[in-house]
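Asks: Can you keep this structure in mind? I'll have questions shortly.
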Amino acid sequence: MAVPSEDQRSDKKIAWLKMMWSHIDYAVRICIVIFVADLLQRLFFVFKEYLCHRIYYLPEDRLTTIIKRAYTYNIKTVYLALLVIFTGLTRFGRTNNLALLLPRGEPLLLIPLYWIFTYVQLSHSSLSYAHWIRDSHGLDYAAGMASSYFHGYLKLSLPERENDGLQKRMEKYEDMQKVKFGIKRLIILIPDEMFVNRVIQSEWLEKAKPLETQFINRAGVNRPFKHAVYRLNKQINGTTYYFAMEGATPMLTFFESMHFQLSATWQMQEMKREIWLKFCKHLQELLNNWPETRREVQLIIYNSHKQNGELQDVGDVLISHVLTHIEKEKKHGLE
C-alpha cells in the first residue's frame with residue numbers, strides 16, 4: 001500500500017481546513033439570518049403592542065416601554081450574538097471578503113420559516129410552564145402567593161413590635177395556662193395535597209385555647225391576627241407539648257381554585273406540584289432572609305398520603321418533626 005507523500009498530506013489538511021472554514025462561514029450566515037428575522041419579528045410586536053394593547057401602558061412613556069420590552073434579550077442570547085460577531089470579524093480579518101458572511105439566496109428563506117415556527121410555538125410544551133415557574137422572577141402564581149402570605153400576614157403578625165410579638169404571646173400563654181410549647185415558633189403545615197381542614201384533625205391532636213388576638217392597622221383596617229394552638233395528647237419524653245399551628249391558607253385557596261369550575265384550568269392541575277414546591281421554596285427564602293421572621297416560623301412540608309396510599313396522620317408527622325427538633329437542640333447544646 002502506497003504511503004501518501006508529504007505534499008498529499010498537506011493538500012488534504014488544506015482541503016479539510018477550507019471545508020471547516022466554509023462550514024463556519026455558512027453557520028455565521030445562518031445565525032445572521034435568524035437574528036435579522038428575530039429583529040423584524042420584534043419590530044412587528046412593537047407595532048402590534050402599540051396599536052392593539054395601548055391600555056396596558058401609561059401615555060407618557062408608552063412607546064419607550066414597549067420598545068424596551070420588545071428588545072430585551074436574555075444573557076444567553078447576548079453571549080451567542082457576541083460569539084457570532086467575534087467569529088464574523090475573525091473571518092473577515094483573515095479573508096478580507098465580507099461577501100462570504102453576508103446571507104444571500106437560499107438562507108434568506110429561513111426568515112419566514114423562523115416566523116412560522118415561532119408563531120406555532122414549535123418548542124413549547126408543558127415543560128415550558130414548569131421551567132418558567134422554577135425561574136426566580138417573582139411573576140408566577142406560586143411566588144406571588146408566597147410573597148402575599150409573607151408580606152400581608154407573617155411579617156406583620158410575628159415580629160416583636162410593642163411587646164406583642166409571637167414569642168411574647170407564647171411566653172404569656174405558657175405562664176397563664178401552665179403549659180409548654182414543643183417548638184417556640186409558628187408551625188405552618190404545607191401538605192402536597194394542599195388541603196388542610198378548618199380544625200386540624202388527628203388522633204393525637206386536640207384544639208386548645210388560641211393565642212391572644214393581635215390587632216394591627218393595615219391599610220386603614222384594624223385587622224385581627226389569630227394563631228390556633230393544639231395540644232399533643234401523646235407525651236414526648238414525659239412532657240405534654242402544645243403547638244401554635246395552622247395550615248398555609250394560600251395553598252388551601254389554590255386547592256379550591258383548582259376544583260372550582262370558573263377558575264380551574266388544565267395548566268393549574270398539570271403544574272400543581274411545581275406550584276406547591278415553588279411556594280414552599282420561595283416562602284422559606286423570604287422567612288430566612290428577613291431578620292424579624294428568621295426564627296419565628298417552622299414549615300412542615302410533607303406528603304398527604306403514605307406510600308401505601310393511606311392518609312398521613314398530621315399528628316404522626318408533627319411527632320416525628322418534634323423529635324428531630326429536640327435532637328438538634330441537644331446537639332447545639334452540647335456544642
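These residue numbers are counts, starting from 1, taken along the chain as shown.
From the backbone N, Cα and C atoms, a Cβ is placed for every residue, glycine too.
The domain 'STING transmembrane' annotation in TrEMBL covers 24-138. The transmembrane segment annotation in TrEMBL covers 26-47, 77-93. Residues or ranges marked as domain 'STING ligand-binding' in TrEMBL: 140-323.
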Asks: I'd like the per-state residue tally for the domain 'STING transmembrane' (24-138) from DSSP, helix first, then strand, then coil.
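Replies: Reading the DSSP string over the domain 'STING transmembrane' (24-138) gives 91 helix, 0 strand, 24 coil.
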Asks: Looking at the domain 'STING ligand-binding' (140-323) alone, can you tell me the average pLDDT?
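Replies: Mean pLDDT for the domain 'STING ligand-binding' (140-323): 92.
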